[in-house]
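Comments concern the structure below.
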Amino acid sequence: MASLSQSQLIAAPSTTFSLCSPRTSSGLTIRPRRSTVHQRVSCASSRGERSSEPDTSRQHDRRDVLLGLGALGAGATFMPARRARADPVATPNVSTCGQADLPPGANVSTCCPPPSNALPVDFAPAASLSSTPLRTRPAAHSVTADYVAKFNAGIAAMKALPASDPRSFAAQAAVHCAYCDGSYSPEGFPGVELQVHNSWLFFPFHRCYLYFFERILGSLVGDPTFAIPFWNWDAPDGMRLPAMYADQSSQLFDPRRDARHAPPKLIDLDYNGTEPRFTDSQQIDHNLRVMYRQMVSLSPTPSLFFGSPYRAGDDPNQGPSPVENIPHGPVHIWCGDPKQPSFEDMGNFYSAGNDPLFYAHHANIDRMWSVWKGLDARRHTDLTDPDWLNASFLFYDETPKLVRIRVRDVLDTGALRYQYQDVPLPWKAARPTVTATATRRADSLVTPAAKAAGGATKKASKFPVTLDEATSVTVRRPVGSKRSKAEKESKVEVLVIDGIEVGRDVAAKFDVFVNAEDHGAVGSGGRELAGSFVNVPHRHAHGGHGKERGIKTTLRLALNEQLEDLKAEGDESVEVILVPRQGKGNVKIGGVRIELMH
Ligand code: C2O
(Lines of atoms letter the chains of each structure in order from A and count residues from 1; the text may use other names and numbers.)
(Lines give C-alpha, C1' and ligand atoms only; values in the text may rest on other atoms or scores of the structure.)
Protein backbone atom coordinates (compact mmCIF):
# COMPACT_ATOMS: atom_id res chain seq x y z
CA MET A 1 0.00 0.00 0.00
CA ALA A 2 0.96 3.60 -0.18
CA SER A 3 3.09 4.58 2.73
CA LEU A 4 3.25 8.31 2.63
CA SER A 5 5.02 9.99 5.45
CA GLN A 6 3.31 12.82 7.16
CA SER A 7 5.74 15.28 5.67
CA GLN A 8 4.83 14.09 2.18
CA LEU A 9 1.21 14.48 2.99
CA ILE A 10 1.65 17.94 4.30
CA ALA A 11 3.96 18.94 1.49
CA ALA A 12 1.66 17.65 -1.22
CA PRO A 13 -0.39 20.50 -2.61
CA SER A 14 -4.04 20.22 -1.81
CA THR A 15 -5.94 19.14 -4.85
CA THR A 16 -9.09 21.13 -5.01
CA PHE A 17 -11.39 19.96 -7.70
CA SER A 18 -14.82 20.51 -8.96
CA LEU A 19 -17.00 17.91 -10.56
CA CYS A 20 -17.71 20.28 -13.38
CA SER A 21 -14.56 19.67 -15.35
CA PRO A 22 -13.00 22.84 -16.64
CA ARG A 23 -13.00 23.12 -20.41
CA THR A 24 -10.24 24.66 -22.39
CA SER A 25 -10.96 27.05 -25.21
CA SER A 26 -10.41 24.18 -27.63
CA GLY A 27 -13.22 22.32 -25.93
CA LEU A 28 -10.96 19.67 -24.43
CA THR A 29 -11.93 18.50 -21.02
CA ILE A 30 -9.10 18.59 -18.53
CA ARG A 31 -9.68 16.11 -15.80
CA PRO A 32 -8.86 17.10 -12.29
CA ARG A 33 -5.96 14.98 -11.19
CA ARG A 34 -6.33 12.90 -8.08
CA SER A 35 -2.80 13.02 -6.81
CA THR A 36 0.53 14.49 -7.61
CA VAL A 37 2.60 12.11 -5.58
CA HIS A 38 5.19 9.76 -7.13
CA GLN A 39 3.64 8.63 -10.37
CA ARG A 40 5.11 5.35 -11.51
CA VAL A 41 4.50 4.13 -15.01
CA SER A 42 4.75 0.49 -13.93
CA CYS A 43 1.54 0.97 -12.02
CA ALA A 44 -0.29 1.76 -15.22
CA SER A 45 -0.77 -1.93 -15.79
CA SER A 46 -4.12 -3.45 -15.21
CA ARG A 47 -4.79 -5.08 -11.91
CA GLY A 48 -3.69 -8.47 -13.15
CA GLU A 49 -0.21 -7.16 -13.88
CA ARG A 50 0.10 -5.12 -10.74
CA SER A 51 3.64 -4.61 -9.62
CA SER A 52 4.62 -5.96 -6.26
CA GLU A 53 6.52 -2.81 -5.39
CA PRO A 54 4.82 -0.47 -2.97
CA ASP A 55 2.31 1.38 -5.04
CA THR A 56 2.35 5.04 -4.18
CA SER A 57 0.39 6.14 -7.18
CA ARG A 58 -2.83 4.31 -6.85
CA GLN A 59 -4.93 7.35 -6.30
CA HIS A 60 -3.76 8.54 -9.62
CA ASP A 61 -6.12 8.27 -12.52
CA ARG A 62 -4.96 5.26 -14.48
CA ARG A 63 -6.23 6.55 -17.80
CA ASP A 64 -3.98 9.55 -17.57
CA VAL A 65 -1.10 7.14 -17.28
CA LEU A 66 -2.29 5.10 -20.23
CA LEU A 67 -2.60 8.14 -22.43
CA GLY A 68 0.71 9.41 -21.12
CA LEU A 69 2.32 6.18 -22.24
CA GLY A 70 0.74 6.43 -25.65
CA ALA A 71 2.00 9.95 -26.12
CA LEU A 72 5.48 9.48 -24.79
CA GLY A 73 6.37 5.90 -25.50
CA ALA A 74 7.02 3.18 -23.00
CA GLY A 75 9.75 3.92 -20.56
CA ALA A 76 9.39 7.67 -20.78
CA THR A 77 9.15 9.58 -17.57
CA PHE A 78 5.53 10.09 -16.70
CA MET A 79 4.04 13.41 -17.69
CA PRO A 80 0.48 14.30 -16.94
CA ALA A 81 -1.60 13.85 -20.07
CA ARG A 82 -4.69 15.68 -21.13
CA ARG A 83 -7.50 13.40 -21.91
CA ALA A 84 -9.59 14.29 -24.85
CA ARG A 85 -12.53 12.03 -24.27
CA ALA A 86 -14.85 11.10 -21.50
CA ASP A 87 -14.69 7.68 -19.97
CA PRO A 88 -17.87 6.85 -18.13
CA VAL A 89 -17.99 3.49 -16.38
CA ALA A 90 -20.01 1.06 -18.51
CA THR A 91 -21.13 -2.44 -17.66
CA PRO A 92 -19.85 -4.88 -20.28
CA ASN A 93 -22.09 -7.53 -21.75
CA VAL A 94 -23.43 -9.81 -19.03
CA SER A 95 -21.64 -12.77 -20.61
CA THR A 96 -18.41 -11.36 -19.15
CA CYS A 97 -19.78 -11.74 -15.63
CA GLY A 98 -17.25 -13.71 -13.62
CA GLN A 99 -17.21 -15.54 -10.34
CA ALA A 100 -17.82 -13.18 -7.44
CA ASP A 101 -15.49 -13.39 -4.47
CA LEU A 102 -17.83 -14.87 -1.90
CA PRO A 103 -16.98 -15.27 1.77
CA PRO A 104 -16.67 -18.73 3.33
CA GLY A 105 -20.08 -20.19 4.10
CA ALA A 106 -21.83 -17.96 1.56
CA ASN A 107 -25.48 -18.86 1.05
CA VAL A 108 -25.39 -18.42 -2.74
CA SER A 109 -23.00 -19.90 -5.29
CA THR A 110 -23.13 -17.43 -8.16
CA CYS A 111 -24.02 -13.79 -8.69
CA CYS A 112 -24.16 -13.71 -12.47
CA PRO A 113 -27.43 -12.98 -14.23
CA PRO A 114 -28.96 -15.51 -16.63
CA PRO A 115 -27.33 -15.07 -20.06
CA SER A 116 -29.02 -13.08 -22.81
CA ASN A 117 -29.07 -14.15 -26.46
CA ALA A 118 -29.85 -10.65 -27.60
CA LEU A 119 -27.72 -7.55 -27.26
CA PRO A 120 -28.96 -4.99 -24.72
CA VAL A 121 -31.36 -2.33 -25.94
CA ASP A 122 -31.02 1.28 -24.83
CA PHE A 123 -33.44 2.41 -22.19
CA ALA A 124 -36.37 4.34 -23.64
CA PRO A 125 -38.24 6.68 -21.31
CA ALA A 126 -42.02 6.61 -21.22
CA ALA A 127 -43.21 7.93 -24.59
CA SER A 128 -46.06 9.81 -23.04
CA LEU A 129 -45.97 10.92 -19.44
CA SER A 130 -49.70 11.49 -19.25
CA SER A 131 -50.65 8.03 -20.46
CA THR A 132 -48.10 6.17 -18.31
CA PRO A 133 -49.39 5.68 -14.80
CA LEU A 134 -47.49 7.27 -11.94
CA ARG A 135 -46.51 4.95 -9.11
CA THR A 136 -46.45 6.41 -5.62
CA ARG A 137 -44.07 4.62 -3.26
CA PRO A 138 -45.66 4.52 0.19
CA ALA A 139 -44.01 4.72 3.62
CA ALA A 140 -43.74 1.09 4.73
CA HIS A 141 -45.19 1.72 8.19
CA SER A 142 -48.32 3.34 6.79
CA VAL A 143 -49.58 0.84 4.20
CA THR A 144 -52.98 -0.87 4.17
CA ALA A 145 -53.66 -4.59 4.58
CA ASP A 146 -54.59 -4.75 0.89
CA TYR A 147 -51.23 -3.32 -0.05
CA VAL A 148 -49.41 -5.85 2.16
CA ALA A 149 -51.37 -8.70 0.56
CA LYS A 150 -50.55 -7.55 -2.96
CA PHE A 151 -46.89 -6.99 -2.13
CA ASN A 152 -46.70 -10.48 -0.60
CA ALA A 153 -48.28 -11.97 -3.71
CA GLY A 154 -45.72 -10.19 -5.89
CA ILE A 155 -42.73 -11.35 -3.86
CA ALA A 156 -44.19 -14.88 -3.74
CA ALA A 157 -44.50 -14.87 -7.53
CA MET A 158 -40.89 -13.69 -7.87
CA LYS A 159 -39.70 -16.38 -5.49
CA ALA A 160 -41.64 -19.03 -7.42
CA LEU A 161 -39.77 -18.29 -10.66
CA PRO A 162 -36.67 -20.41 -11.33
CA ALA A 163 -33.31 -18.71 -10.80
CA SER A 164 -32.73 -19.01 -14.55
CA ASP A 165 -35.49 -16.42 -15.05
CA PRO A 166 -34.03 -12.92 -14.72
CA ARG A 167 -37.24 -11.77 -13.04
CA SER A 168 -36.90 -14.28 -10.21
CA PHE A 169 -36.18 -13.13 -6.71
CA ALA A 170 -32.92 -15.11 -6.75
CA ALA A 171 -31.77 -13.44 -9.98
CA GLN A 172 -32.80 -10.01 -8.71
CA ALA A 173 -30.89 -10.50 -5.47
CA ALA A 174 -27.84 -11.61 -7.44
CA VAL A 175 -27.77 -8.34 -9.39
CA HIS A 176 -26.56 -6.57 -6.29
CA CYS A 177 -23.89 -9.16 -5.58
CA ALA A 178 -22.54 -9.03 -9.13
CA TYR A 179 -22.15 -5.25 -9.02
CA CYS A 180 -20.68 -5.20 -5.51
CA ASP A 181 -18.47 -8.24 -5.13
CA GLY A 182 -16.33 -8.12 -8.20
CA SER A 183 -18.15 -10.04 -10.93
CA TYR A 184 -17.70 -7.32 -13.56
CA SER A 185 -14.97 -5.10 -14.93
CA PRO A 186 -15.82 -1.78 -16.55
CA GLU A 187 -16.06 -2.09 -20.32
CA GLY A 188 -12.58 -1.68 -21.79
CA PHE A 189 -10.78 -2.35 -18.52
CA PRO A 190 -10.59 -6.09 -18.00
CA GLY A 191 -8.95 -6.96 -14.71
CA VAL A 192 -10.19 -3.79 -13.01
CA GLU A 193 -13.07 -4.21 -10.58
CA LEU A 194 -16.44 -2.58 -11.32
CA GLN A 195 -17.89 -1.39 -8.03
CA VAL A 196 -21.08 0.61 -7.51
CA HIS A 197 -20.41 1.57 -3.89
CA ASN A 198 -18.12 4.21 -2.44
CA SER A 199 -18.42 6.69 -5.30
CA TRP A 200 -20.83 8.87 -7.29
CA LEU A 201 -22.38 5.71 -8.83
CA PHE A 202 -24.01 4.80 -5.53
CA PHE A 203 -27.24 6.82 -5.91
CA PRO A 204 -27.91 6.20 -9.63
CA PHE A 205 -27.03 2.50 -9.66
CA HIS A 206 -29.43 1.73 -6.84
CA ARG A 207 -32.13 3.91 -8.40
CA CYS A 208 -31.94 1.86 -11.61
CA TYR A 209 -31.90 -1.40 -9.67
CA LEU A 210 -35.10 -0.57 -7.74
CA TYR A 211 -36.76 0.80 -10.85
CA PHE A 212 -36.53 -2.50 -12.71
CA PHE A 213 -37.32 -4.52 -9.59
CA GLU A 214 -40.51 -2.49 -9.20
CA ARG A 215 -41.52 -2.90 -12.84
CA ILE A 216 -41.07 -6.66 -12.57
CA LEU A 217 -43.09 -6.78 -9.37
CA GLY A 218 -45.85 -4.66 -10.92
CA SER A 219 -46.07 -6.94 -13.94
CA LEU A 220 -46.21 -10.07 -11.76
CA VAL A 221 -49.16 -8.69 -9.78
CA GLY A 222 -50.76 -7.29 -12.93
CA ASP A 223 -50.77 -3.72 -11.65
CA PRO A 224 -48.68 -1.12 -13.49
CA THR A 225 -49.25 1.34 -10.65
CA PHE A 226 -47.85 -0.99 -8.01
CA ALA A 227 -45.01 0.75 -6.14
CA ILE A 228 -42.48 -0.62 -3.67
CA PRO A 229 -42.58 0.80 -0.13
CA PHE A 230 -39.86 2.91 1.47
CA TRP A 231 -38.60 2.35 4.99
CA ASN A 232 -39.09 5.81 6.47
CA TRP A 233 -36.26 5.45 9.04
CA ASP A 234 -35.64 9.21 9.00
CA ALA A 235 -38.89 10.01 10.86
CA PRO A 236 -39.91 8.77 14.34
CA ASP A 237 -42.91 6.74 13.10
CA GLY A 238 -40.69 4.82 10.72
CA MET A 239 -37.74 4.15 13.03
CA ARG A 240 -38.64 0.51 13.64
CA LEU A 241 -38.46 -2.50 11.35
CA PRO A 242 -41.73 -2.06 9.44
CA ALA A 243 -44.33 -4.54 10.77
CA MET A 244 -44.99 -6.27 7.43
CA TYR A 245 -41.33 -7.36 7.23
CA ALA A 246 -41.33 -8.66 10.81
CA ASP A 247 -44.29 -11.02 10.35
CA GLN A 248 -42.70 -14.48 10.30
CA SER A 249 -45.38 -15.95 8.05
CA SER A 250 -44.82 -13.26 5.43
CA GLN A 251 -42.91 -13.47 2.15
CA LEU A 252 -41.17 -10.33 3.37
CA PHE A 253 -39.65 -12.03 6.38
CA ASP A 254 -36.02 -13.12 6.34
CA PRO A 255 -34.74 -15.32 9.18
CA ARG A 256 -31.21 -14.02 8.63
CA ARG A 257 -31.65 -10.80 10.59
CA ASP A 258 -30.53 -9.63 14.01
CA ALA A 259 -33.29 -11.03 16.24
CA ARG A 260 -32.62 -8.35 18.86
CA HIS A 261 -33.77 -5.70 16.44
CA ALA A 262 -37.31 -6.94 15.84
CA PRO A 263 -40.02 -4.38 16.67
CA PRO A 264 -40.49 -2.49 18.92
CA LYS A 265 -36.72 -1.90 18.97
CA LEU A 266 -35.83 1.55 17.62
CA ILE A 267 -33.19 1.65 14.95
CA ASP A 268 -29.89 3.42 15.63
CA LEU A 269 -28.99 5.21 12.39
CA ASP A 270 -25.46 5.53 13.73
CA TYR A 271 -25.20 1.83 14.72
CA ASN A 272 -21.71 0.45 15.19
CA GLY A 273 -22.33 -3.12 16.28
CA THR A 274 -22.86 -2.21 19.92
CA GLU A 275 -26.32 -1.62 21.34
CA PRO A 276 -26.64 2.04 22.28
CA ARG A 277 -27.69 2.93 25.81
CA PHE A 278 -30.23 5.55 24.82
CA THR A 279 -33.76 5.96 26.01
CA ASP A 280 -36.29 5.91 23.18
CA SER A 281 -36.57 9.68 23.11
CA GLN A 282 -32.78 10.09 23.11
CA GLN A 283 -32.51 7.59 20.27
CA ILE A 284 -35.08 9.47 18.20
CA ASP A 285 -33.34 12.77 18.87
CA HIS A 286 -29.97 11.24 17.99
CA ASN A 287 -31.32 9.79 14.74
CA LEU A 288 -32.81 13.12 13.70
CA ARG A 289 -29.53 14.95 14.38
CA VAL A 290 -27.63 12.31 12.46
CA MET A 291 -30.01 12.84 9.53
CA TYR A 292 -29.53 16.60 9.64
CA ARG A 293 -25.76 16.25 9.79
CA GLN A 294 -25.58 13.85 6.84
CA MET A 295 -28.19 15.54 4.62
CA VAL A 296 -27.46 19.18 5.41
CA SER A 297 -24.12 19.87 7.12
CA LEU A 298 -22.15 17.30 5.14
CA SER A 299 -24.01 17.68 1.84
CA PRO A 300 -23.87 21.37 0.88
CA THR A 301 -22.84 20.81 -2.76
CA PRO A 302 -23.48 18.21 -5.47
CA SER A 303 -19.87 17.03 -5.41
CA LEU A 304 -20.11 16.31 -1.69
CA PHE A 305 -23.64 14.87 -1.76
CA PHE A 306 -23.03 12.36 -4.56
CA GLY A 307 -19.58 11.11 -3.55
CA SER A 308 -16.32 11.07 -5.45
CA PRO A 309 -15.89 10.83 -9.21
CA TYR A 310 -15.29 7.30 -10.44
CA ARG A 311 -14.48 6.90 -14.13
CA ALA A 312 -13.66 3.91 -16.31
CA GLY A 313 -10.22 2.62 -15.41
CA ASP A 314 -10.15 4.24 -11.98
CA ASP A 315 -9.63 2.11 -8.95
CA PRO A 316 -12.99 1.59 -7.28
CA ASN A 317 -13.95 3.14 -3.94
CA GLN A 318 -12.84 6.70 -4.75
CA GLY A 319 -14.93 7.97 -1.85
CA PRO A 320 -18.47 7.46 -0.56
CA SER A 321 -21.09 10.16 -0.16
CA PRO A 322 -22.18 11.17 3.35
CA VAL A 323 -25.51 9.35 3.02
CA GLU A 324 -23.79 6.20 1.76
CA ASN A 325 -21.69 6.16 4.93
CA ILE A 326 -24.55 7.03 7.26
CA PRO A 327 -27.33 6.02 7.54
CA HIS A 328 -26.95 3.60 4.62
CA GLY A 329 -24.13 1.52 6.15
CA PRO A 330 -25.36 1.29 9.75
CA VAL A 331 -28.87 0.31 8.61
CA HIS A 332 -27.36 -2.62 6.68
CA ILE A 333 -25.32 -3.71 9.66
CA TRP A 334 -28.18 -3.18 12.14
CA CYS A 335 -30.37 -5.55 10.09
CA GLY A 336 -27.84 -8.31 9.35
CA ASP A 337 -27.61 -11.35 11.62
CA PRO A 338 -24.43 -11.28 13.73
CA LYS A 339 -24.80 -15.05 14.20
CA GLN A 340 -24.29 -15.70 10.49
CA PRO A 341 -20.72 -16.15 9.25
CA SER A 342 -20.70 -12.83 7.33
CA PHE A 343 -23.59 -10.83 8.86
CA GLU A 344 -26.00 -12.17 6.22
CA ASP A 345 -28.26 -11.16 4.73
CA MET A 346 -28.32 -7.36 5.01
CA GLY A 347 -24.93 -7.03 6.69
CA ASN A 348 -22.93 -8.09 3.62
CA PHE A 349 -23.31 -6.73 0.12
CA TYR A 350 -23.23 -10.15 -1.58
CA SER A 351 -26.32 -11.32 0.34
CA ALA A 352 -28.16 -8.05 1.06
CA GLY A 353 -30.51 -8.38 -1.92
CA ASN A 354 -31.81 -11.66 -0.50
CA ASP A 355 -33.71 -9.78 2.20
CA PRO A 356 -36.87 -8.10 0.87
CA LEU A 357 -36.13 -5.36 3.39
CA PHE A 358 -33.17 -4.31 1.23
CA TYR A 359 -35.48 -2.77 -1.36
CA ALA A 360 -37.38 -0.74 1.26
CA HIS A 361 -34.11 0.47 2.79
CA HIS A 362 -32.83 1.52 -0.61
CA ALA A 363 -36.12 3.13 -1.58
CA ASN A 364 -35.58 5.49 1.35
CA ILE A 365 -31.97 6.07 0.30
CA ASP A 366 -33.31 6.86 -3.18
CA ARG A 367 -35.92 9.13 -1.65
CA MET A 368 -33.09 11.04 0.07
CA TRP A 369 -31.75 11.95 -3.38
CA SER A 370 -35.11 13.54 -4.26
CA VAL A 371 -35.47 15.12 -0.82
CA TRP A 372 -31.98 16.62 -0.98
CA LYS A 373 -32.73 18.26 -4.32
CA GLY A 374 -35.86 19.78 -2.80
CA LEU A 375 -34.00 21.25 0.19
CA ASP A 376 -32.29 23.95 -1.89
CA ALA A 377 -33.34 24.27 -5.49
CA ARG A 378 -30.51 26.68 -6.28
CA ARG A 379 -27.51 24.73 -4.95
CA HIS A 380 -28.74 21.14 -4.78
CA THR A 381 -28.58 20.04 -8.38
CA ASP A 382 -27.55 16.84 -10.08
CA LEU A 383 -23.97 16.55 -11.27
CA THR A 384 -23.23 17.74 -14.80
CA ASP A 385 -20.04 15.80 -15.41
CA PRO A 386 -20.49 13.74 -18.61
CA ASP A 387 -18.65 10.80 -17.06
CA TRP A 388 -21.37 10.61 -14.44
CA LEU A 389 -24.27 11.28 -16.81
CA ASN A 390 -23.09 8.68 -19.32
CA ALA A 391 -22.16 5.91 -16.90
CA SER A 392 -24.37 2.92 -17.67
CA PHE A 393 -25.59 -0.35 -16.21
CA LEU A 394 -27.38 -3.42 -17.53
CA PHE A 395 -30.66 -4.73 -16.12
CA TYR A 396 -33.38 -7.07 -17.24
CA ASP A 397 -36.83 -5.52 -17.46
CA GLU A 398 -40.16 -7.29 -16.89
CA THR A 399 -40.45 -8.72 -20.42
CA PRO A 400 -37.57 -9.82 -19.74
CA LYS A 401 -35.12 -8.10 -22.03
CA LEU A 402 -31.70 -6.73 -21.29
CA VAL A 403 -31.62 -2.92 -21.09
CA ARG A 404 -28.71 -0.51 -20.96
CA ILE A 405 -29.64 2.45 -18.80
CA ARG A 406 -27.53 5.54 -18.23
CA VAL A 407 -27.34 7.81 -15.25
CA ARG A 408 -28.77 10.65 -17.35
CA ASP A 409 -31.93 8.55 -17.85
CA VAL A 410 -32.77 8.45 -14.15
CA LEU A 411 -32.33 12.00 -12.86
CA ASP A 412 -36.03 12.77 -12.96
CA THR A 413 -38.26 10.35 -11.06
CA GLY A 414 -41.31 11.89 -12.75
CA ALA A 415 -39.96 10.79 -16.12
CA LEU A 416 -39.49 7.31 -14.64
CA ARG A 417 -43.13 7.56 -13.56
CA TYR A 418 -42.73 7.22 -9.83
CA GLN A 419 -42.78 9.51 -6.83
CA TYR A 420 -42.68 9.19 -3.07
CA GLN A 421 -45.51 9.65 -0.63
CA ASP A 422 -45.03 13.09 0.86
CA VAL A 423 -44.11 12.67 4.53
CA PRO A 424 -42.71 15.15 7.06
CA LEU A 425 -38.96 15.75 7.39
CA PRO A 426 -38.59 16.31 11.13
CA TRP A 427 -34.76 16.21 10.91
CA LYS A 428 -34.70 19.48 8.96
CA ALA A 429 -34.93 21.31 12.27
CA ALA A 430 -32.50 19.03 14.12
CA ARG A 431 -29.20 20.86 13.67
CA PRO A 432 -26.72 19.26 16.09
CA THR A 433 -25.88 21.21 19.22
CA VAL A 434 -22.62 21.88 20.97
CA THR A 435 -21.94 19.88 24.11
CA ALA A 436 -20.84 22.64 26.48
CA THR A 437 -18.45 20.50 28.48
CA ALA A 438 -16.95 18.73 25.49
CA THR A 439 -15.74 21.46 23.15
CA ARG A 440 -12.32 22.97 23.06
CA ARG A 441 -10.61 25.40 20.78
CA ALA A 442 -7.45 24.21 19.09
CA ASP A 443 -5.74 27.42 20.29
CA SER A 444 -6.35 26.76 23.92
CA LEU A 445 -6.05 23.07 24.17
CA VAL A 446 -2.56 22.28 25.15
CA THR A 447 -2.87 22.79 28.86
CA PRO A 448 -2.09 19.65 30.89
CA ALA A 449 -5.55 19.86 32.45
CA ALA A 450 -7.16 19.84 29.04
CA LYS A 451 -5.03 16.87 28.05
CA ALA A 452 -6.03 14.94 31.14
CA ALA A 453 -9.69 15.68 30.50
CA GLY A 454 -9.37 14.38 26.95
CA GLY A 455 -9.10 10.80 28.18
CA ALA A 456 -7.19 8.05 26.40
CA THR A 457 -6.29 9.59 23.09
CA LYS A 458 -2.98 8.98 21.40
CA LYS A 459 -1.43 11.75 19.35
CA ALA A 460 -0.57 10.63 15.82
CA SER A 461 3.08 11.43 15.15
CA LYS A 462 3.18 10.14 11.61
CA PHE A 463 0.94 8.57 9.01
CA PRO A 464 -0.23 6.00 8.11
CA VAL A 465 -1.67 5.00 11.46
CA THR A 466 -3.57 1.89 12.41
CA LEU A 467 -6.73 2.89 14.18
CA ASP A 468 -6.60 0.73 17.28
CA GLU A 469 -7.48 3.51 19.71
CA ALA A 470 -8.70 7.09 19.66
CA THR A 471 -6.09 9.06 17.72
CA SER A 472 -5.76 12.82 17.54
CA VAL A 473 -4.03 15.08 15.07
CA THR A 474 -3.81 18.85 14.76
CA VAL A 475 -4.75 19.91 11.24
CA ARG A 476 -3.99 23.33 9.76
CA ARG A 477 -6.84 25.07 8.01
CA PRO A 478 -6.36 26.60 4.55
CA VAL A 479 -8.16 29.70 5.85
CA GLY A 480 -7.48 31.12 9.25
CA SER A 481 -10.17 33.75 9.44
CA LYS A 482 -13.90 34.08 9.20
CA ARG A 483 -15.26 33.96 5.69
CA SER A 484 -18.42 35.52 4.29
CA LYS A 485 -21.46 33.40 3.50
CA ALA A 486 -20.75 33.78 -0.22
CA GLU A 487 -17.14 32.67 0.20
CA LYS A 488 -18.22 29.67 2.21
CA GLU A 489 -20.82 28.74 -0.39
CA SER A 490 -18.40 28.95 -3.27
CA LYS A 491 -15.68 26.99 -1.49
CA VAL A 492 -16.55 24.54 1.21
CA GLU A 493 -13.94 23.71 3.80
CA VAL A 494 -13.62 19.94 3.76
CA LEU A 495 -11.83 17.59 6.12
CA VAL A 496 -10.25 14.89 3.96
CA ILE A 497 -9.26 11.60 5.54
CA ASP A 498 -7.59 9.59 2.87
CA GLY A 499 -5.74 6.37 2.39
CA ILE A 500 -8.41 4.67 4.49
CA GLU A 501 -7.73 0.95 4.23
CA VAL A 502 -10.12 -1.67 5.51
CA GLY A 503 -9.60 -5.42 5.35
CA ARG A 504 -12.19 -7.36 3.37
CA ASP A 505 -15.11 -8.86 5.22
CA VAL A 506 -14.60 -6.33 7.99
CA ALA A 507 -17.55 -4.38 9.31
CA ALA A 508 -15.84 -1.14 10.27
CA LYS A 509 -16.89 2.22 11.63
CA PHE A 510 -14.92 5.13 12.97
CA ASP A 511 -16.13 8.50 14.17
CA VAL A 512 -14.41 11.80 13.49
CA PHE A 513 -14.56 14.50 16.14
CA VAL A 514 -13.45 18.09 15.72
CA ASN A 515 -12.37 20.18 18.72
CA ALA A 516 -13.81 17.76 21.25
CA GLU A 517 -12.21 18.27 24.63
CA ASP A 518 -13.56 14.92 25.73
CA HIS A 519 -15.09 12.94 22.90
CA GLY A 520 -16.63 10.54 25.39
CA ALA A 521 -18.71 13.40 26.77
CA VAL A 522 -20.18 14.47 23.44
CA GLY A 523 -23.93 14.12 23.77
CA SER A 524 -26.18 12.32 21.34
CA GLY A 525 -26.16 14.17 18.06
CA GLY A 526 -23.41 16.46 19.32
CA ARG A 527 -21.94 19.04 17.00
CA GLU A 528 -18.37 17.98 17.81
CA LEU A 529 -18.95 14.81 15.80
CA ALA A 530 -18.00 15.78 12.25
CA GLY A 531 -19.12 12.49 10.74
CA SER A 532 -18.21 8.84 10.41
CA PHE A 533 -16.83 6.27 8.05
CA VAL A 534 -18.68 2.96 7.66
CA ASN A 535 -17.69 -0.14 5.72
CA VAL A 536 -20.31 -2.78 4.95
CA PRO A 537 -18.40 -6.04 4.36
CA HIS A 538 -17.97 -7.19 0.79
CA ARG A 539 -15.24 -8.80 -1.32
CA HIS A 540 -13.47 -8.11 -4.58
CA ALA A 541 -12.82 -10.72 -7.21
CA HIS A 542 -9.73 -8.96 -8.45
CA GLY A 543 -7.95 -9.02 -5.18
CA GLY A 544 -8.14 -5.53 -3.74
CA HIS A 545 -4.86 -4.09 -2.63
CA GLY A 546 -1.90 -5.81 -1.11
CA LYS A 547 -2.05 -8.75 1.20
CA GLU A 548 -5.07 -7.53 3.06
CA ARG A 549 -7.24 -7.48 -0.03
CA GLY A 550 -9.31 -4.73 1.39
CA ILE A 551 -10.61 -1.47 0.05
CA LYS A 552 -8.78 1.82 -0.03
CA THR A 553 -10.88 4.93 0.03
CA THR A 554 -11.33 8.53 1.14
CA LEU A 555 -13.76 10.24 3.52
CA ARG A 556 -14.72 13.87 2.90
CA LEU A 557 -16.52 15.82 5.61
CA ALA A 558 -17.74 19.36 5.00
CA LEU A 559 -16.80 21.54 7.96
CA ASN A 560 -18.48 24.89 7.29
CA GLU A 561 -21.51 24.50 9.54
CA GLN A 562 -19.61 22.66 12.21
CA LEU A 563 -16.92 25.33 12.48
CA GLU A 564 -19.61 28.00 12.70
CA ASP A 565 -21.33 26.19 15.56
CA LEU A 566 -18.08 25.42 17.35
CA LYS A 567 -17.01 29.07 16.96
CA ALA A 568 -13.77 27.89 15.39
CA GLU A 569 -13.92 29.86 12.14
CA GLY A 570 -11.11 32.16 13.21
CA ASP A 571 -8.73 29.42 14.32
CA GLU A 572 -5.61 28.46 12.42
CA SER A 573 -6.06 24.78 13.06
CA VAL A 574 -8.50 22.24 14.41
CA GLU A 575 -7.97 19.23 16.58
CA VAL A 576 -9.29 16.07 14.91
CA ILE A 577 -9.88 12.88 16.86
CA LEU A 578 -10.51 9.60 15.06
CA VAL A 579 -12.30 7.09 17.28
CA PRO A 580 -12.59 3.46 16.13
CA ARG A 581 -16.01 1.99 16.95
CA GLN A 582 -16.19 -1.25 15.00
CA GLY A 583 -13.41 -3.28 13.40
CA LYS A 584 -10.84 -1.80 15.79
CA GLY A 585 -7.29 -2.30 14.57
CA ASN A 586 -8.52 -3.29 11.08
CA VAL A 587 -8.55 0.22 9.68
CA LYS A 588 -5.54 2.19 8.54
CA ILE A 589 -5.52 5.92 7.90
CA GLY A 590 -3.15 7.41 5.32
CA GLY A 591 -3.49 11.07 6.22
CA VAL A 592 -5.72 13.90 7.36
CA ARG A 593 -5.89 17.37 5.80
CA ILE A 594 -8.31 20.21 5.10
CA GLU A 595 -9.08 21.41 1.58
CA LEU A 596 -11.33 23.93 -0.04
CA MET A 597 -13.71 22.29 -2.46
CA HIS A 598 -16.29 23.57 -4.92
CU1 C2O B 1 -25.65 -1.67 -2.80
CU2 C2O B 1 -27.10 -0.81 0.40
O3 C2O B 1 -26.04 -1.44 -0.92
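All positions are counted from 1 along the displayed chain.
Glycine is treated like the rest: Cβ placed from N, Cα and C.
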For the disulfide involving CYS111, grab the partner from CYS43, CYS177 as TrEMBL records it. CYS177
Pick from CYS43, CYS112: the cysteine that TrEMBL pairs with CYS97 in a disulfide bond. CYS112
Secondary structure content of the domain 'Tyrosinase copper-binding' (355-366), with strand meaning DSSP E or B: 10 helix, 0 strand, 2 coil
The domain 'Tyrosinase copper-binding' (197-214) resolves under DSSP into 13 helix, 0 strand, 5 coil
Would you pick out, from the disulfide-bonded residues CYS97, CYS111, CYS112, the residue whose Cβ has the largest number of other Cβ atoms within 10 Å? CYS111
On a C-alpha basis, identify the one among HIS176, HIS197, HIS206, HIS328, HIS362 that is nearest to CYS111 (disulfide bond); the candidates are the binding-site residues. HIS176
Nearest by CA distance to HIS206 (Cu cation A binding site): which of the recorded positions is it, out of CYS97, CYS177, HIS328, HIS332, HIS362? HIS362
Taking Cα atoms as reference points, which of the disulfide-bonded residues CYS97, CYS112, CYS177 is nearest to HIS328 (Cu cation B binding site)? CYS177
